[in-house]
Amino acid sequence: MRLVVCLVFLASFALVCQGQGYKGPYTRPILRPYVRPVVSYNACTLSCRGITTTQARSCCTRLGRCCHVAKGYSG
């Protein structure tokens, strides 16, 4: 009797390891790693128009190109 139980357990374990066993829905939430948005160099235009505040700050920090209201880039 113990041999039968052991064989059934091993067979079911082998099926699960091969992906042939229970194929239910994934029950845990999928966690996405936090990735900082990367601003491309193309976003740092010379006119400061059409870019977001975040992109403007990034351009100022990384490249020294800082937007000022109605003045365009300085630096």
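The backbone N, Cα and C atoms fix where each Cβ goes, glycine too.
Copied over from Swiss-Prot:
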- C44-C59: disulfide bond (DISULFID)
- C48-C66: disulfide bond (DISULFID)
- C60-C67: disulfide bond (DISULFID)
- Q20: pyrrolidone carboxylic acid (MOD_RES)
- S74: serine amide (MOD_RES)
- 1-19: signal peptide (SIGNAL)
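On the backbone, the CA of C48 (disulfide bond) and the CA of C60 (disulfide bond) stand 11 Å apart. C66 (disulfide bond) sits 7 Å from C59 (disulfide bond), taking the C-alpha atoms as the reference points. Within the set of disulfide-bonded residues (C48, C66), the lowest number of other Cβ atoms found within 10 Å of a Cβ is recorded at C66.
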